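For reference, the structure is listed below as structure tokens.
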Amino acid sequence: MSDKIYYVPSEWAQKAYVDDAHYQSMYAASVNDPHAFWGEHGKRIDWFTPYTKVKNTSFDPGHVSIKWFEDGITNVAYNCVDRHLETRGDQVAIIWEGDSPDESRNITYRELSSEVNKLANVLRNRGVEKGDRVTIYLPMIPEAAFAMLACARLGAIHSIVFGGFSPDSLAGRVADCGSKCIITADEGLRGGRKVPLKANVDAAIAQINGGVDHVIVVRRTGGKVDMLPGRDVYYDEATAMVTDECPAEHVNAEDPLFILYTSGSTGKPKGVLHTTGGYLVYASMTHQYIFDYHPGDIYWCTADVGWVTGHSYIVYGPLANGATTLMFEGIPNYPSVSRFWDVIDKHKVNIFYTAPTAIRSLMQAGEEPVKRTSRSSLRLLGSVGEPINPEAWEWYYRVVGEERCPIVDTWWQTETGGILITPLPGATKLKPGSATRPFFGVMPEVVDAEGKVLEGACEGNLVIADSWPGQMRTVYGDHERFEQTYFSTYPGKYFTGDGCRRDADGFYWITGRVDDVINVSGHRMGTAEVESALVAHPKVSEAAVVGFPHDIKGQGIYAYVTLMDGEEPTEELRKELVGWVRREIGPIASPDLIQFAPGLPKTRSGKIMRRILRKIAEDQFESLGDTSTLADPGVVEDLIHNRQNKRDAAA
């Protein structure tokens, strides 16, 4: 835990929407009278029929029900496109930066309107109507945003499947939600490599024996693909046959907007269901206040639209606010490790939102690739996806932002729809590694294992005591699983699945998933804490920590460590790291086993697959489960070969 504090400079407080006093009064109003607070802020989007009911929610066991603005009628595409046409039709809505630096495209709000309406007409002509599900399996190209908004325009429900998922994973998701139409591309491009998207779609449909009537194929690479007459059509040919006028369907606030599948701790992926009104109000409001978005800013979130961050903070939040949002097809280190910083300079990006794993991997390459670029346009930095260790936070602040850009370290989940705990740049002093304070209307509590609410400075499990507008409504087709997963552990409260520490200032520090907690000799140890200690060592680039069975302690600590470029793994360094962690946290946190690894198993979105690391640490690598989402499967073979916990020396 870092004890450094960065106070809010007066220029941040003066320029931002909210300073500390304003935050305190708005937050108090939001939790003391949520009906009045959200009744007012719900008006930030346009309604065809204004709501008269604001909040109708229950977390009671057996009666979990979440409704916001339930009698209001609106349309998400209308709010993200049409309502901007009169005042900013010629403003750029989407800057697209391709995988290759010589490909980019600017799309104005007027052009966006035309593209969305044409695709909506293509879908409607193929029988897609309100309530139908459409699966989107596309790379990070503008058509992904067009497809989302075209579905929303019709009141259809989109289910985006990340382009890195295998045909098996795609098939499961298509079958679960009953999609009748899939929008895909011939191939994707990522880091100069082609991804066979259309071939994957064909393989997925073959697995589920029909049900998919239409496949719309964007020509991204021009690669040759099989096209089934009557089912498959090229996007450009279909949109050339229709007009660019399509009325926006009148949609109830509680009608579904999208399903997004997220991994469950057990069983098949959960279809997280988000609805229309509350979700858009929350995505829009959090985007404005947390990123301090002002008209004219160029905003870039580096996520993929296949993840919730891409839904809320590339497409829906920014476009609802009339922003200019940047979509990036590529990866941080292609064609060079300066790519992020080159894109920032090329497009004069003001607000930059990325993941700690990207920051750590770029740290590994040193400061020179950053410092050879200007980055003078940057005003604010953000972090999302996992707790950011203080060392990476400090590097991001010092090297990337040159100590002039606040960092918003945002905590939220697929299930929450938008950011729940975060600094506000003009209001919140910053502590490296802390997500700081709750956003308006969010009521976090820290509870012990029995569910007792802890007061003051404490450590325990993070729950949310009451609903907020962006909250998921159910697991698609399985409300019982929704209640069981999120509301049964601590009845009457939403259980986040994360551990949390609250300090004397009331700031929240996310300590990692509760299933990423190791119990060492009866002491609970958050893996994120041990990882932070390891990564604070100057020779360590990245670390992942898991538990493994230990005869005496119950669980031991197994650390996978990736070193900085040029550093050699030695027995001396191994001992040095054990001593380092002992000093940083205490003897209880000493790693029992340290495995030096050239890389860690990550999904294509950059998340470390800890499940695989746990299996290898337990010497159970024969049953690694689904590894189809791995960015580099070769990493796993190296980890297995060099594992430190072999059952016998000859293994």
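For all residues, glycine too, the Cβ spot is worked out from N, Cα and C.
These features come from Swiss-Prot:
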- ARG190, GLY191, GLY192, ARG193, THR309, ASN333, SER521, ARG582: CoA binding site (BINDING)
- GLY385, GLU386, PRO387, ASP409, THR410, TRP411, TRP412, GLN413, THR414, ASP498, ARG513, ARG524: ATP binding site (BINDING)
- VAL535, HIS537, VAL540: Mg(2+) binding site (BINDING)
- LYS607: N6-acetyllysine (MOD_RES)
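Structure coloured by features recorded in Swiss-Prot.
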residue : record              : DSSP (3 states)
ARG190  : CoA binding site    : strand
GLY385  : ATP binding site    : coil
THR414  : ATP binding site    : helix
ARG513  : ATP binding site    : strand
HIS537  : Mg(2+) binding site : coil
ARG582  : CoA binding site    : helix
LYS607  : N6-acetyllysine     : coil
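A simple Cβ count within 10 Å picks out one of the binding-site residues GLY192, PRO387 as the most packed, and that one is PRO387.
When the Cα atoms are compared, ASN333 (CoA binding site) and LYS607 (N6-acetyllysine) turn out to be 16 Å apart. Using a 10 Å Cβ-Cβ cutoff, THR414 (ATP binding site) registers 18 neighbours. In space, PRO387 is the closest of the binding-site residues GLY385, PRO387, THR414, ARG513 to HIS537 (Mg(2+) binding site), judged by Cα positions. In terms of C-alpha distance, the listed recorded positions ARG190, VAL540, LYS607 place LYS607 closest to THR414 (ATP binding site).
Each of the binding-site residues ASN333, THR410 was scored by other CB atoms within 10 A of its CB, and the lowest score goes to ASN333.
The Cβ neighbour count for TRP412 (ATP binding site), using a 10 Å radius over every protein chain in view, is 24. In the structure as shown, the Cβ atom of GLY191 (CoA binding site) sits within 10 Å of 15 other Cβ atoms. Ranking the recorded positions ARG193, HIS537, LYS607 by other CB atoms within 10 A of the CB puts ARG193 at the bottom. Across the structure, GLY385 (ATP binding site) and VAL540 (Mg(2+) binding site) place their CA atoms 21 angstrom apart. Its Cβ taken as reference, GLY385 (ATP binding site) is surrounded by 19 other Cβ atoms within 10 Å in the chains shown. Each of GLU391, ALA533, LEU534, ALA536, PRO538, LYS539, SER541, GLU542, ALA543, VAL561, LEU577, TRP580 belongs to the same chain as VAL535, HIS537, VAL540, is absent from that list, and has a C-beta within 8 angstroms of the C-beta centroid marking the Mg(2+) site.
Remark: of the binding-site residues VAL535, VAL540, the most isolated position is VAL535 (fewest other Cβ atoms within 10 Å of its Cβ). Listed in sequence order, ASP99, PRO139, GLY163, GLU329, GLY330, ILE331, ARG604 are the same-chain residues six or more apart from ARG190 (CoA binding site) with CB atoms under 8 A from its CB.
Take the Cα of ARG582 (CoA binding site) and measure to each of the recorded positions THR410, TRP412, VAL535, VAL540, LYS607: the nearest one is VAL535.
Put simply, PRO387 (ATP binding site) is 13 Å from VAL535 (Mg(2+) binding site) when counted between their Cα atoms.
Counting only same-chain residues at least 6 apart in sequence, those with a Cβ under 8 Å from the Cβ of THR309 (CoA binding site) are CYS301, ALA303, TYR353, VAL384, GLY385.
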